[in-house]
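The annotation D-galactose binding site is assigned in Swiss-Prot to D19, 33-36, D49, V117, 131-134, 144-147, 178-181, 191-194, 219-222, 232-235, 266-269, 279-282, D286. Annotation comment: Swiss-Prot describes D178, V179, G181, D198 as Ca(2+) 3 binding site. The Ca(2+) 5 binding site feature in Swiss-Prot is assigned to D266, V267, G269, D286; the stated evidence is experimental evidence. If you look up Swiss-Prot, you'll see C14-C59, C31-C48, C72-C88, C129-C146, C176-C193, C217-C234, C249-C254, C264-C281, C308-C390, C377-C416, C425-C439, C431-C436 marked as disulfide bond, on the strength of experimental evidence. Among the features that Swiss-Prot reports, domain 'Ricin B-type lectin 1' is placed at 28-102, with the record citing sequence analysis. What Swiss-Prot lists as domain 'Ricin B-type lectin 2' is 115-245.
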Amino acid sequence: MVSLVPCGFAQVLCTNPLDIGELRNYKSKQCVDIVGNQGSGNIATHDCDGLSDQQIIMCGDGTIRNEARNYCFTPDGSGNANVMSSPCTLYPEIPSSQRWRLGRKKAFTDNGGIEQVATEIINLASGKCLDVEGSDGTGDIGVYDCQNLDDQYFYIRSRGPELFYGRLRNEKSDLCLDVEGSEGKGNVLMYSCEDNLDQWFRYYENGEIVNAKQGMCLDVEGSDGSGNVGIYRCDDLRDQMWSRPNAYCNGDYCSFLNKESNKCLDVSGDQGTGDVGTWQCDGLPDQRFKWVFDDWEVPTATWNMVGCDQNGKVSQQISNTISFSSTVTAGVAVEVSSTIEKGVIFAKASVSVKVTASLSKAWTNSQSGTTAITYTCDNYDSDEEFTRGCMWQLAIETTEVKSGDLLVWNPQIIKCTRSNTAPGCAPFTKCANEDCTFCTDI
């Protein structure tokens with residue numbers, strides 16, 4: 001079994017997250033959701049909606065939190081009842097009822113061809129599993145005796161690597177794919193290209209095309225992959241997945257084939273203007289689109305020393321800071337998020353897709369504003385008590401190709417080591433020893 005709890009010390013904010021994303025139930029494929037949208041209260045499964053209360057943080061202190069509010073998953077009682085999103089008890093230490101570990105695993109391949117790994121999530125106080133009330137994997141979430149049933153397995157969903165990010169410009173009209181209205185919800189049509197997030201999309205290995213404004217998927221009205229196209233919550237269904245075969249490309253302009261119907265993304269009429277739907281692939285320019293984006297260099301990740309003590313514990317105030325010569329606009333924030341998700345270099349090697357996805361989510365979350373916190377090294381990642389050593393804060397650097405401007409981001413992500421040599425393990429991985437020279441995936 002893999003432990004979710006490398007350390008038991010309290011974190012006001014989660015400064016060493018192990019994973020961030022949609023936590024889905026293996027049986028129903030629905031998302032773990034905090035009822036309402038404030039991040040507090042009853043926990044149940046729900047259709048995935050892309051909102052922050054469904055962005056779950058698996059924290060290195062053993063707690064499970066959500067991005068909408070810094071609350072902990074807490075069984076109502078002594079670890080034997082319904083689970084709530086409640087204030088974390090931090091002092092004198094986190095109680096075992098708010099700490100969790102991972103149990104048995106089940107690997108499977110989803111509809112997009114991406115391998116997922118679902119695990120049991122076990123409460124330390126009761127030794128019972130996170131469990132969905134309904135045997136179909138829908139309903140309220142509590143804890144129950146571990147029975148190795150599908151509704152007791154959960155996974156942070158991966159879409160695979162991000163392949164493209166930007167606006168989609170039509171070859172015929174030079175107009176861009178646009179979500180009608182200003183909220184990034186509803187019908188999709190062609191419109192003059194502009195720097196609004198409802199025109200920016202991410203394209204993933206599993207075939208999903210996700211709108212940057214609302215985190216929803218390009219979706220065909222008919223479940224058979226035929227009909228009008230809009231954006232809708234991402235359901236892990238083939239009518240929301242698209243391929244981009246080279247046979248349907250003309251230079252940088254390519255057609256998108258719906259995986260359910262094998263029909264092409266098509267603009268109504270023959271001028272490349274108007275509403276968007278699917279139609280038989282005809283090889284005409286109104287069915288071809290080009291990715292238009294601003295380039296950033298591949299980001300690099302390093303650990304910077306923030307304090308050492310060879311005779312005791314290290315305490316430092318940790319802030320989230322961004323250094324950039326220009327304003328970090330909403331457009332720049334999304335570009336950087338996409339750049340991070342496409343790949344990060346640490347110690348001259350590329351980090352895993354899981355690490356880049358989690359870093360991208362951490363970057364996006366940091367844009368809403370954070371407060372400085374005082375953090376103390378009480379334990380090493382290996383769960384041994386911290387007796388001496390150094391604290392390290394993560395730094396991410398990338399350069400905008402067009403302007404040459406450097407952006408440096410120092411998030412509230414830290415590691416504590418015995419050595420005064422920088423940790424050898426990437427963020428969102430675990431140090432297997434006190435000097436952090438050996439690493440394990442979480």
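Note that the numbers count up from 1, one per residue, in the order the chain is shown.
Placed from the backbone N, Cα and C atoms, the Cβ positions cover glycine too.
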(message) Around C217 (disulfide bond), which of the listed recorded positions (C129, D178, C193, D235, C425) come within 10 Å, judging by Cα atoms?
(response) D235
(message) Given the recorded positions V179, V267, C281, C431, find the one whose Cα is closest in space to the Cα of C249 (disulfide bond).
(response) C281
(request) Could you measure between C234 (disulfide bond) and C436 (disulfide bond) for me? Cα positions, answer in whole angstrom. (result) 38
(request) Give me the non-local Cβ neighbours of W279 (D-galactose binding site): same chain, 6+ apart in sequence, Cβ-Cβ under 8 Å, ordered along the sequence. (result) K263, C264, D266, Q287
(request) Would you mind checking how many other C-beta atoms are within 10 angstroms of the C-beta on C254 (disulfide bond)? (result) 22
(message) Can you give me the same-chain residues 6 or more apart in sequence from G134 (D-galactose binding site) with a CB-CB distance under 8 Å?
(response) D151
(message) Run through C59, C281, C377, C425, C431 for me and report the disulfide-bonded residues whose CA is within 10 Å of the CA of D19 (D-galactose binding site), in sequence order.
(response) C59
